[in-house]
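Worksheet: the structure to be examined is printed underneath.
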Amino acid sequence: MSKDYQSLAKLSPFELKDELIKIASSDGNRLMLNAGRGNPNFLATTPRRAFFRLGLFAAAESELSYSYMTTVGVGGLAKIDGIEGRFERYIAENRDQEGVRFLGKSLSYVRDQLGLDPAAFLHEMVDGILGCNYPVPPRMLNISEKIVRQYIIREMGADAIPSESVNLFAVEGGTAAMAYIFESLKLNGLLKAGDKVAIGMPVFTPYIEIPELAQYALEEVAINADPSLNWQYPDSELDKLKDPAIKIFFCVNPSNPPSVKMDQRSLERVRNIVAEHRPDLMILTDDVYGTFADDFQSLFAICPENTLLVYSFSKYFGATGWRLGVVAAHQQNVFDLALDKLQESEKVALDHRYRSLLPDVRSLKFIDRLVADSRAVALNHTAGLSTPQQVQMALFSLFALMDEADEYKHTLKQLIRRRETTLYRELGMPPLRDENAVDYYTLIDLQDVTAKLYGEAFSEWAVKQSSTGDMLFRIADETGIVLLPGRGFGSNRPSGRASLANLNEYEYAAIGRALRKMADELYAEYSGQAQNL
């Protein structure tokens, strides 16, 4: 087993997972339990019902044009004149349908709470769900941006930021956001080969792997969370950000895999570092798990002018296949200031790159360069997330905004926390409780678990017997359970990451029992060796 693991040690945890699955699935008489991936097995149904019902209304709106050809399935573009009245009739005639009731409430919320033009909203939704026009503006549809922006500001704890000061770029999930941002930072000279980038560790593996690619060749500086501090960043680690050689700080908040939000002390520490030492520091925060946290506040809320926020709808709404996300930027930000401070020769080169977009290239904001770069600049006029995707994103946002009691959120939190309690109960340990814990994942610290079960001496022996990777292969081989190695996420502790989102409660009970059984067998082996000494 050791030889097998060593040959695969350089793989990303997500690629290593496939090898672990092969081993865990090798026994046809045993259930394979894959706790390695974060794809949730829950999803929001109401905004999806609304999406499909809206599609039926939109198709009928299309057929108001070219009605003489509807027998062969030809429709035209939706018309805004009278659309509100026709929609209200549709609602009245189909009020018994859950998705339709939600659409009716959405229209009321958009009109009465957000103060948006109801006809313009309906026309954008109908036109968007039909997918019959290019996304205009390419960055994001106008009304969809206003709706999603309200959701982002609320969920990221950024209520102090005026909504109109935030720009959004709708993207194909967090994956696309990361790829676009790294590439535009390089293309615009904001990150160059050899530059130092700080990375909050442990972290989602691509944040470690992307800077190491030859096309970026960045020098990584680890900002290490401390497991003894419940995975918070010590002040001494955050103080590394004072180094003027560090250009940007990448972090996932709440973290992945520890699944802990940054506490108020850490947020204030970063705020003070930026204010007193590093007003030029660029920050990129990926806050996809923020909606699972209690009283969450993003670095974007703390340092809005220094921070690019990446948010994906994938986990909270069970929408990994939809590929929905946004990049948020404050209108006054250090990314634009850094562009202004480039050498004249670099500015001239960028003038040439973006010359087809507008006469005054130097007024082009970084977020708009992201849009252009995402389509090789020349195709900027056809850039943008598909309009049906933007409609679903807007409906997800309205679903959360109208749920003022946060019933959906509380239900999901209870679900994943019950799963964690069940896993650790069967393992024979109390669940890991912390006010900053999010519990979407749990990082099972193999050294800590073995020490608590059978003492420090056994724990030291068990860790010496095999590497973490070997142990995870053994777990897969003997129990059929797939965990991802914590070390692959930048953790310095021997650990395995288990997602608490993608299996059912009884399956987490089985995982806990299987891990406990394996620990008992290891202890019996250890005890036998001790007696023979």
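Backbone N, Cα and C atoms are what each Cβ position is placed from, and that goes for glycine too.
Per Swiss-Prot, the features are as follows:
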BINDING   Gly115, Asn256, Arg497  L-aspartate binding site
MOD_RES   Lys315  N6-(pyridoxal phosphate)lysine
Asn256 (L-aspartate binding site) and Lys315 (N6-(pyridoxal phosphate)lysine), Cα-Cα, nearest whole angstrom: 13
DSSP says Arg497 (L-aspartate binding site), in three-state terms, is strand
Cβ-Cβ distance under 8 Å to Asn256 (L-aspartate binding site), same chain, at least six residues away: Gly38, Pro202, Val203, Phe204, Tyr289, Tyr440, Tyr441, Phe489
Through the lens of DSSP with three states only, how would you label Asn256 (L-aspartate binding site)? coil
Counting other Cβ atoms within 10 Å of each Cβ, which of the recorded positions Lys315, Arg497 scores lowest? Lys315
Restricting to the record's L-aspartate-binding residues (Gly115, Asn256, Arg497), give me the longest CA-CA distance in Å as a whole number. 45
